[in-house]
Amino acid sequence: MSQYIPAIDHYGGGSLPLVCSMYASSECYFGLNLNPLCNPDEVLYTLVPTMAYFEFLPVDRFVEKDDNYGEIKLVDLVDVKLGQEYELVVTTYAGLYRYRVGDVLRVGGFKNKAPQFTFVCRKNVVLSIDSDKTDEVELQTAVTRAAVQHLAPLGASLVEYTSYAETSNVPGHYVLFWEIDNGVMIERSSSTVSESCLAVEEGLNSVYRQGRVWDSSIGPLEIRVVESGTFDAIMDHAVTELGASINQYKTPRCVKRGPIFEMLNSRVVSSHFSPRLPKWAP
């Protein structure tokens, strides 16, 4: 939930300690942060082997692979390598057998001989139009930078966002749904959001930018600004209609066509496109 750190720091005056005490899910508890008062960007979780049986599926987020791990050897907790990324697989006392949690973790260090992990992203949160692949971490970094560069100087901030790969037209393009605090100020300067589109594109990988510049296989990135309260309404829908737990609800970082997509589109107040091509060099 690192995207909420700037907002918490803002309302806490920068002096409110942010405590990340444990790593857990609805399936079971996984591990602890042995230094709970550390900077949130430096959190390392030490998995406790008595909580479940942990195995790890090696992950390369930048290489497309078959998602079936039946023929891939899982790695035990004692055999993980420093710097390597893995998808967490658990066998629990409640009866789940080799359950894929869907979290990608990176080995960030060791406490004595116990490996410590940093959370990287959720697996399979990917935007793709052509040969490009954009994961959650890359998108989050690009969006955050664009908001800091273009919204913050006007006294506005990004409340929440999600994304969608629009492929109904050729070429397809990325769509970002943004809910902006102090949107009135942004409406007076629509070019701000257009420049934010370009800033996001500049922060994406070279394969994406090549598709934009070299062969025009990807269209200009679009930001659709939604009205205030949109993402709260989506959370209410997920809890009341889809049975999601309010304690575990997370805003989806990528959506497909369906009820949530329709809710987002019905609340769009303005649409903006990247005004020019991002920088790219072969």
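Glycine residues also receive a Cβ, built from the backbone N, Cα and C atoms like all the rest.
Annotated in TrEMBL:
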DOMAIN    45-122  domain 'GH3 middle'
DOMAIN    138-257  domain 'GH3 C-terminal'
Over the domain 'GH3 C-terminal' (138-257), what is the model's mean pLDDT?
90
Tally of helix, strand and coil residues over the domain 'GH3 middle' (45-122) according to DSSP?
3 helix, 40 strand, 35 coil
